[in-house]
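> I have a structure I would like to understand better, so I am pasting it below and will then ask my questions one at a time.
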Amino acid sequence: MNDSSNAPSTPADVKDACINRPPISPLPAASFHRNESTIGACDSSMDGLTAPAALSIRLVHATQRERGVTCGWVASGGVHFRRLLDEARARSDAAAAASPALLPWAEELVQIRFEAEKAVAAAEATAEPSFSVSSVAAAARAGASERRADQTGGSFRFLGRDFNQRSAPVLLSSINDLCESSAGMRETAKPSDAAKPAVCPSEYVGRAALFYGLLIRYSSLNRRLIDATYPDDGSFGLSPARSGAAAERSFARLKEATGVERAFLCGALALGDDEFGRLPPQAFSMLVALLQEQQQLEAKVRETAPPSLLDLITAGFDISPELREMRASFTADFDLSKLRERMGAERCWAIMTRHLDKLERLQLLISAKVSNVSPQLGLDASSEQDSLLWRTALTKSPSALLSITQALLALRRPSRTIHPLLPLRQMCAVALLPTKSALGAAALRNVHMTLLNAVDELAMPFSPHGCTYPN
């Protein structure tokens with residue numbers, strides 16, 4: 001859609017771009033951290049928000065979405081979340097193709113997708129609530145000779161290579177790990193395990209264990225990317241810059257913990273009654289620990305955040321009445337069977353995704369503030385224009401917002417002053433800049449989130465890299 005962008009604009013372009021790039025080793029953690037050199041090293045056609053930190057934020061958010069729908073999809077045996085899975089994978093593809101530095105993470109994502117595909121294929125091939133390990137192993141071996149990554153219609157679209165030869169042993173070793181570990185799956189398979197045959201003390205592996213194993217795999221990938229983006233070097237002191245970076249790191253981890261909660265609940269709610277009873281006990285312990293971790297991280301963010309970030313960060317702690325009620329229904333005694341009686345997996349997905357999408361928008365703004373880069377114009381945060389940017393954007397009435405969004409829709413392309421890679425909702429904030437009214441902090445937060453939510457539907461069809469997402 002945006003012809004001026006050099007980013008791949010179609011799945012085929014993404015695939016070709018990745019094929020033609022030489023193999024890339026994972027970069028050291030410092031390569032992902034924001035600083036003046038990394039921001040300046042970015043492509044000159046990109047604004048400050050496309051520094052490595054912002055790109056990794058977008059990739060983590062995309063894989064968080066993909067993890068949630070994959071868990072629900074595998075747990076349901078392919079019955080639910082199929083349409084959402086295609087959309088989530090398209091988002092991950094676009095985010096992973098944004099920078100060569102992200103390709104190593106993309107390759108691991110391909111392997112996880114392969115395992116999910118084979119698990120669902122085996123589930124669909126049997127009417128039993130649990131399916132035989134041998135049937136999964138046979139499907140993996142057969143698929144290795146007939147199914148190419150570039151023929152899956154989006155399953156592995158951003159790296160058009162044949163990953164089956166190395167993915168099949170990964171799948172078999174993962175099944176082996178599932179059976180050997182009472183927790184369901186180790187976080188990562190040992191390299192030496194890839195050559196081992198699947199030796200399993202029990203005959204069956206159910207969908208409960210498989211979705212939980214995929215949850216661990218996705219979460220390990222995200223955690224490592226977050227740690228690379230926000231290295232905890234112990235150097236954060238009392239200065240505003242360092243406390244801001246510490247708060248930003250804790251906020252990213254809080255968002256990830258919330259994303260793990262969503263993925264686990266979507267999987268648990270999508271399971272049949274028989275399969276639900278086969279969830280490993282450690283899964284419920286993980287949920288309890290996860291909610292405790294969220295409370296600890298929220299307290300840490302409040303403690304370390306400088307005053308300049310408090311308004312933004314506090315907005316992330318406000319949850320909708322639906323989410324509050326949903327959590328209350330199982331946190332009293334951690335009995336998920338009560339929640340299963342009240343709602344299905346897709347309803348849970350919708351409630352939690354609204355909250356996580358809000359957290360991503362806030363995270364990008366926080367990252368821009370900490371980096372002293374305007375999320376809209378790439379201006380220094382000390383400039384008068386930047387300091388007024390959101391105050392003025394957040395105070396407009398709904399009628400004024402409507403007229404501006406209608407004008408943006410009519411244009412269908414950014415103006416000279418708005419970079420083509422900016423999401424549409426950020427264009428609205430820029431367009432509102434000329435007015436110079438202001439409200440109190442609490443009102444600003446409320447109006448800010450109202451503005452973002454109001455234009456979110458307009459922004460959804462557009463990728464920050466010039467691609468379009470499926471409806």
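Cβ atoms here come from the backbone N, Cα and C positions, even for glycine.
Since this is a predicted model, take the numbers as computed values, not measurements.
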> Can you check which of 1-20, 161-180, 181-200 TrEMBL lists as region 'Disordered'?
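Residues 1-20 are the ones TrEMBL records as region 'Disordered'.
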> With DSSP as the yardstick, break the domain 'Nitrate/nitrite sensing protein' (59-102) down into helix, strand and coil residue counts.
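Split by secondary structure, the domain 'Nitrate/nitrite sensing protein' (59-102) comes out as 35 helix, 0 strand, 9 coil.
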> Express the predicted model's confidence over the domain 'Nitrate/nitrite sensing protein' (217-368) as a mean pLDDT, rounded to an integer.
87
